[in-house]
Amino acid sequence: MAVSSSSDLFILALGVVLAALYLFRDQIFAAAKPKAVSLPSKLSDGDENPRDFIAKMKNGKKRLVIFYGSQTGTAEEYAIRLAKEAKSKFGLTSLVCDPEEYDFENLDQLPDDCAAFFVVATYGEGEPTDNAVQLMQNLQDESFEFSGGERKLEGLKYVVFALGNKTYEHYNVIGRIVDTELAKMGAIRCGERGEGDDDKSMEEDYLEWKDGMWEEFARIMGVEEGQGGDTPDFKVTELQSHPSEKVYLGELSARALTKTKGIHDAKNPYPAPILKSRELFQKQGERNCVHLELGIDGSGITYQHGDHVGVWPSNPEVEVNRLLCALGLWDKRDHVIGIESLDPALAKVPFPVPTTYSTVLRNYIDISAVAGRQILGNLARFSPSPDAEGFMRSLNTDKEQYGRIIANGCLKLGEVLQLAAGNDIKAVPTLENTTAWPIPFDVIVSAIPRLQPRYFSISSSPKLHPTAIHVTAVVLKYQSVASDKVPPKWVYGVGSNFILNLKYAACGETAPLIAQNGSADPAHTPFPLYAIEGPRGAYKQEMIYKSPIHVRRSTFRLPTNPKSPVIMVGPGTGVAPFRGFVQERIALARRTIEKNGPDALADWGRISLFYGCRKSNEDFLYNEEWPQYIDELKGKFTLHTAFSREPPYKPDGSKIYVQDLLWDDRSKVADAIINGKGYIYICGDAKSMAKSVEDVLAKILGEAKGGTMEVEGAAELKLLKERSRLMLDVWS
């Protein structure tokens with residue numbers, strides 16, 4: 001009975017507790033209830049989802065949305081140009097968007113009187129740019145649905161301008177995919193798809209395409225040209241008083257100006273000290289190749305073999321001075337200015353402000369590029385004389401004349417302004433010999449794109465050099481093509497000559513000045529002079545010089561398994577990443593031998609480097625290092641060299657190049673790829689070298705498969721690329 005009684009009491013008590021819980025459940029569990037979290041697409045009334053471009057268009061009364069897929073800034077530049085033209089031609093305002101900042105589910109909600117533009121570059125081996133990856137996934141994913149619950153874009157009006165380079169296999173493939181996918185979903189293209197070829201002239205391709213596109217766009221959109229106006233994008237104000245410590249004098253970020261710590265990346269480059277620098281070419285003369293070692297200790301910057309380093313140059317001082325004189329700003333060069341965007345959705349101020357006139361020209365905009373044909377037409381109305389205006393308009397409308405004088409002559413904007421005004425472009429620019437043009441500075445800021453970093457393949461491995469990034473840079477210098485208006489002149493690459501300036505300074509060598517004997521004649525000018533000490537002397541501490549840099553990640557990597565054979569083809573400075581590759585294997589070999597003994601590399605795959613240059617005693621890069629690497633890798637590393645301007649030559653007397661070395665070693669190459677499942681890497685010139693190497697590889701593999709270069713060989717190359725066993729790091 002006692003047990004039964006206790007059980008009854010327990011059951012009764014449990015019933016009372018459960019009844020109380022039920023009656024007072026709201027009060028008891030209220031605090032434990034999870035709070036409702038609003039998803040970005042369903043914000044409270046009055047809150048705008050920052051990733052909703054449709055809402056932004058409606059709020060800003062924009063009728064065009066322009067998405068750009070850009071890796072280096074070029075596609076963004078053309079996107080802004082299209083937005084400006086739509087505004088000036090038709091009075092239509094645009095929302096220019098970085099696609100990774102927006103969601104695309106509501107693309108089907110674009111109103112009927114609106115249109116979407118896609119300005120997209122193809123990067124690497126047919127890949128979208130980093131900021132367009134999500135956009136491409138949405139467009140290509142058959143399971144992706146828009147806000148209406150369907151994969152349809154019926155009636156959506158769109159425009160595509162693709163940017164690429166014909167020397168690459170997958171020329172403009174991203175723009176073509178965008179076009180194809182939109183059309184499949186029922187969208188309507190306005191005009192032809194534009195395709196720009198950076199190998200020839202992106203600018204000319206754009207100019208040839210845009211007029212026809214705008215004509216068809218106007219017809220489909222039901223708008224008429226002439227409804228817009230010539231309104232400025234920016235307002236430039238001279239500031240009478242501003243704290244000097246808050247004025248940007250070339251600093252690339254707010255953290256650099258205030259000297260506060262932060263992550264170093266493309267938005268906040270790191271001023272890396274130059275630890276070592278030297279000339280790599282053995283014969284001193286007209287050509288230079290510079291080896292730099294940039295310190296990153298304590299910066300938080302890390303890198304991997306195969307990555308790229310972005311070096312942020314300034315413009316050469318002679319071009320800064322030339323444009324200051326041509327714009328009538330020499331006496332005001334150090335005036336502090338503020339710049340305000342009059343339409344932030346269309347054109348953001350592309351550099352930090354407040355700043356000065358000279359700083360903008362030196363550090364922030366690309367005045368060293370060849371002047372574009374469209375820009376010359378825009379500036380014609382500011383000409384100082386009728387003859388100058390006629391010349392500018394003729395260059396703008398006559399493609400052949402522009403190509404003959406400006407493009408072939410490699411004339412920068414300052415030089416064109418001098419030439420049009422009848423000035424001597426070979427003389428050192430001064431107020432006395434340079435005619436001033438009354439061009440508003442906001443027009444200059446709007447017309448010239450931001451000065452971009454120059455990228456170099458890193459030529460070291462962090463396994464051997466954890467606190468330094470090595471750069472191998474051949475200095476670009478060549479003569480322009482003469483015309484009836486301009487004699488031949490020396491043309492200098494901005495980034496590589498900036499590095500050459502740093503090398504001279506870091507080594508304590510005297511660099512020749514720009515002006516000698518009152519003349520800028522190329523015969524007296526080995527290279528242009530740069531303001532390498534940086535803003536407020538920030539890039540020089542005693543005798544140590546610095547250069548602002550950041551690292552760009554790459555997929556150009558060695559296989560993780562050292563048993564896989566590796567074939568590397570890199571003539572000239574194309575050898576840069578392969579020096580890093582070999583160092584990576586050296587570090588692994590040292591650890592492996594230390595752990596497993598002297599025979600530990602016996603089952604490693606062969607590493608073969610096919611390298612070429614002109615002469616063994618002139619431009620053989622790192623010739624003193626390769627024997628050491630061969631020794632450390634216990635015979636697993638083989639170097640094949642081709643010296644095109646010294647014997648031996650082919651039986652017919654023609655030169656030997658790296659592709660010839662591949663063919664000579666074809667049995668081992670085929671065995672490494674087919675039987676050894678090896679990896680192939682090509683670095684260097686895309687136009688001739690890379691194509692020739694791929695052709696030889698196709699021939700080798702085709703024959704090894706018992707077929708032809710065109711069928712079996714091409715199929716093998718395609719498969720290797722798909723499996724990331726054939727990788728390219730090339731440039732044109």
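Each Cβ is built from the backbone N, Cα and C atoms, and glycine gets one as well.
Remember, TrEMBL labels are computer predictions, not curated facts.
What TrEMBL annotates here:
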type	residues	note
DOMAIN	64-214	domain 'Flavodoxin-like'
BINDING	70-75, 121-124, 163-172, Asp198	FMN binding site
DOMAIN	267-542	domain 'FAD-binding FR-type'
BINDING	Arg287, Thr573, Ser644, Arg645, Lys655, Ile656, Tyr657, Val658, Gln659	NADP(+) binding site
BINDING	Thr472, Ala473, Val474, Tyr478, Gly493, Val494, Gly495, Ser496, Trp731	FAD binding site
Check: Cα of Trp731 (FAD binding site) to Cα of Ser70 (FMN binding site): how many Å, rounded?
Finding: 17
Next item on the list: Compile a sequence-ordered list of residues in the same chain as Ser70 (FMN binding site), six or more apart from it, whose Cβ lies below 8 A from its Cβ; state 'none' when nothing qualifies.
Entry: Glu76, Glu77, Ala79, Val119, Ala121, Thr129, Asn131
Note to self: Can you tell me the CA-to-CA distance separating Thr472 (FAD binding site) and Tyr657 (NADP(+) binding site), as a whole number of Å?
What the structure shows: 21
Note to self: Comparing the binding-site residues Ser644, Gln659, which residue's C-beta has the most other C-beta atoms within 10 angstroms in this structure?
What the structure shows: Gln659
Next item on the list: Enumerate same-chain residues with a sequence separation of six or more from Val474 (FAD binding site) and a Cβ-Cβ distance below 8 A; give 'none' if the list is empty.
Entry: Arg287, Asn288, Cys289, Ser496, Gly572, Thr573
Notebook entry, point to check: How long is the line from the C-alpha of Gln659 (NADP(+) binding site) to the C-alpha of Gly493 (FAD binding site), rounded to the nearest angstrom?
Noted result: 28
Checklist line | For the domain 'Flavodoxin-like' (64-214), the mean pLDDT of the predicted model | finding: 93
Next item on the list: Using Gly495 (FAD binding site) as the reference point, find which of the binding-site residues Gly73, Tyr168, Tyr657 has the shortest Cα-to-Cα distance to it.
Entry: Gly73
Checklist line | Tertiary neighbours of Gly124 (FMN binding site) (same chain, Cβ under 8 Å, six or more apart) | finding: Thr555
Margin query: What are the sequence-distant neighbours of Tyr171 (FMN binding site), meaning same chain, six or more residues apart, C-beta distance under 8 angstroms?
Written below: Thr122, Gly164, Asn165, Glu195, Asp197
Item checked: Neighbourhood of Tyr657 (NADP(+) binding site), C-beta criterion under 8 angstroms, separation at least six -> Pro571, Gly612, Ala642, Ser644, Met689, Ser692
Notebook entry, point to check: What's the CA to CA span in angstrom from Lys655 (NADP(+) binding site) over to Gly73 (FMN binding site)?
Noted result: 39
Note to self: Taking 10 A as the limit, how many CB atoms besides its own sit near the CB of Gly495 (FAD binding site)?
What the structure shows: 20
